[in-house]
Amino acid sequence: MNTSFVLRNAKLITEEEIDIVIEHGKIIEIAHAGSGKGQKIHDCNGIYVSSGWIDLHVHAFPEVEPYGDEIDEIGIKTGVTTIVDAGSCGADRISDLVASKSQSKTNLFAFLNISRIGLKRTDELSDLEWINKRKIIESIREYKDTIVGLKARISKSVVGKNGIEPLRMAQKLSRESHLPLMVHIGSSPPVIEEVVSLLEKDDIITHFLNGKANNLFDKDGRPLQALTDAVERGVHLDVGHGTASFSFKVAEMAKRNNIKFHTISTDIYRMNRENGPVFNMAHTLTKFLYLGYPLEEVIAAVTSTPANWLKKPELGRIKTGDTANLSLFRVKKEPVTLTDSEKDKRIAKRKIEPMGVVVNGEIITY
């Protein structure tokens with residue numbers, strides 16, 4: 001790593017161009033464009049720079065194939081500096097996930113699956129014996145620097161005959177551990193109103209724009225009362241695109257009704273990275289530009305908003321004294337075909353394209 005370098009003529013989301021001087025891994029100066037001094041100059045030539053992109057929902061544990069991937073393949077190689085594994089591991093394997101951090105450059109945090117087996121099976125909440133309170137508390141205590149919340153997948157194929165009971169158990173564990181919940185929603189039972197009514201401030205609904213029958217909008221395209229009530233309580237809405245959980249039509253319903261996403265995440269793993277419809281974070285962000293959201297709002301959903309939810313605001317800002325975690329990208333005027341989880345295709349006129357990252361002070365360009 002160079003002792004010091006300058007990102008010259010880096011363009012902020014506000015369109016202002018600046019120089020960012022980085023030394024020994026930290027941002028030491030934010031200067032007028034063309035004035036920063038360092039041992040090496042990287043001319044961004046008007047490329048956008050933001051704080052490092054944060055993907056709040058990924059699967060970064062290869063051992064649970066097909067629902068896993070390598071950390072850096074879905075992190076720094078795609079413009080993302082911080083990922084949060086969303087319940088790939090429960091108490092049985094969380095130690096292995098944490099150990100893998102040392103072999104990667106991407107910053108990694110995790111939601112602990114309330115089922116001790118994690119995604120070893122995809123019906124991981126069909127047996128309540130797999131929800132082991134003692135092991136969960138021990139894991140949280142041992143890996144407190146990595147675990148940021150608990151994950152519960154509450155849909156028919158996961159819970160089996162247990163219905164809403166795994167979520168009730170998750171809620172008790174959340175309160176006792178003082179950690180929020182990320183809840184996957186999908187096919188019923190349990191019905192969506194019952195799921196959403198149990199969620200509290202700072203809990204996360206992921207896949208909130210899914211197009212399944214048990215979704216958060218009625219047949220006329222209006223948000224369910226349970227959804228608007230949850231938003232008023234401070235429940236956090238996360239995209240969690242995934243293979244089966246993002247619908248353009250539902251996203252358009254949400255926009256018409258001013259139901260705004262808090263965070264845009266991918267739910268990425270090897271299969272939907274290589275074959276789509278996810279591919280990467282930039283491709284997912286492009287879908288929200290297509291939907292008409294301003295660039296500033298789209299980028300905030302992968303920077304300041306998830307950083308604040310994580311209670312790590314330094315990951316979501318560009319500020320002197322902070323460790324340098326930055327994403328470099330451009331918005332290219334070029335037609336691109338976008339496909340949602342329902343195989344609905346749209347043509348966008350521009351796309352977001354990652355150009356590199358600075359991760360913990362190290363610059364990587366593509």
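Cβ coordinates are placed from backbone N, Cα and C, and glycine is handled just like the others.
The domain 'Amidohydrolase-related' feature in TrEMBL is assigned to 51-363.
Using a 10 Å Cβ-Cβ cutoff, H59 (Zn(2+) 1 binding site) registers 28 neighbours. DSSP assigns H59 (Zn(2+) 1 binding site) to coil in the three-state reduction, outside any helix or strand. Marked as Zn(2+) 1 binding site by TrEMBL: H57, H59, K151, D267.
A sphere of 10 angstroms centred on the C-beta of H184 (Zn(2+) 2 binding site) encloses 24 other C-beta atoms. Secondary structure from DSSP puts H184 (Zn(2+) 2 binding site) in a beta strand. Residues or ranges marked as Zn(2+) 2 binding site in TrEMBL: K151, H184, H207.
Here the Cβ of K151 (Zn(2+) 1 binding site) has 28 other Cβ atoms within 10 Å, regardless of which shown protein chain they belong to. As annotated by TrEMBL, N6-carboxylysine applies to K151.
Annotation source TrEMBL lists site 'Transition state stabilizer' at R153. Annotation note: R153 (site 'Transition state stabilizer') sits in a strand segment as assigned by DSSP.
There are 27 other CB atoms within 10 A of the CB of D267 (Zn(2+) 1 binding site), with all protein chains counted. Distance between Cα atoms for D267 (Zn(2+) 1 binding site) and H207 (Zn(2+) 2 binding site): 9 Å, as a whole number. The separation of H57 (Zn(2+) 1 binding site) from H184 (Zn(2+) 2 binding site), Cα to Cα, is 10 Å. Cβ neighbour count for H207 (Zn(2+) 2 binding site): 27 (other Cβ atoms within 10 Å of its Cβ, all protein chains included).
A sphere of 10 angstroms centred on the C-beta of R153 (site 'Transition state stabilizer') encloses 27 other C-beta atoms.
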